[in-house]
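Below: the structure, in structure tokens.
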Amino acid sequence: MAIIKPNRDLKPDGVTVVTREVWAENLESEFELISEIIDDYPFISMDTEFPGVIFKSDLRFTNPDDLYTLLKANVDALSLIQVGLTLSDVNGNLPDLGDDLHRGFIWEFNFRDFDVARDAHAPDSIELLRRQGIDFERNCRDGVESERFAELMMSSGLVCNEEVSWVTFHSAYDFGYLMKILTRRELPGALGEFKRVMRVLFGERVYDVKHMMKFCERRLFGGLDRVARTLEVNRAVGKCHQAGSDSLLTWHAFQRMRDLYFVQDGPEKHAGVLYGLEVF
């Protein structure tokens, strides 16, 4: 099992981060690349974009079972828009894919499942994503089919692999959408079964930065951008609410948090818990 080592330099001098945009036409070739490097870059940071939430709770504080019921209702009814993946090695380096231009690469998958003219969504969420550059019309025309994405992801080494670790931020919905796509069915009816499928697909080394914030000496709060600012971590590429960019910012925030607050005992004891659901 690989141990995550401290990395003081989150963006080495001279390295340019490039987002690899994935559409239907290059889906298979990009998964071929990922499959070839996953053994050397087993740390996966993930973010998704989806059409907001259409079912909401009247209660400010609810237990994990109630929160899961709400999550399931939304995920079952809605469709994924983007998935961002950042792969890293044990020292925090991004894959260069043999490039000699001092570039590191991350991935952003664009899906065709969601049709803004047809499907349920939260209008404010859609407007926010439009402002951040998501082209819903192009997604419908050129985007990835979730069924083919699932087939390729299942055989890529990203899932059902005990050697990988996942790093996320407030990720119950993110994993919910991935589980829905990978299993090709609605989410399990109960939180306990959701936990079981999570372990099968993603293993036990799942780190949710939002959960880990509770155990930092310095008080951290808010969303990803606010936490990153507090940790003095800059966005290396792209904009907020772009899944590829957010996956990289999540990885950098995790690295900084680990180096500041988890030097003595490491972050491993906080693995396997999704914020709000107390998963695992």
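Using N, Cα and C of the backbone, Cβ positions are placed for all residues, glycine too.
Taken from Swiss-Prot, the feature divalent metal cation binding site applies to ASP47, GLU49, ASP174, ASP246, supported by similarity to another entry. Around the Cβ of ASP174 (divalent metal cation binding site), a 10 Å sphere holds 26 further Cβ atoms from the protein chains shown. Under DSSP, ASP174 (divalent metal cation binding site) is assigned to a helix (H, G or I) in the three-state scheme.
Highlighted in sequence order, MET46, THR48, GLN82, VAL83, GLY84, HIS241, ALA243, SER247 have their Cβ within 8 Å of the centre of the Cβ atoms of ASP47, GLU49, ASP174, ASP246, the residues recorded for divalent metal cation, and are not part of that set.
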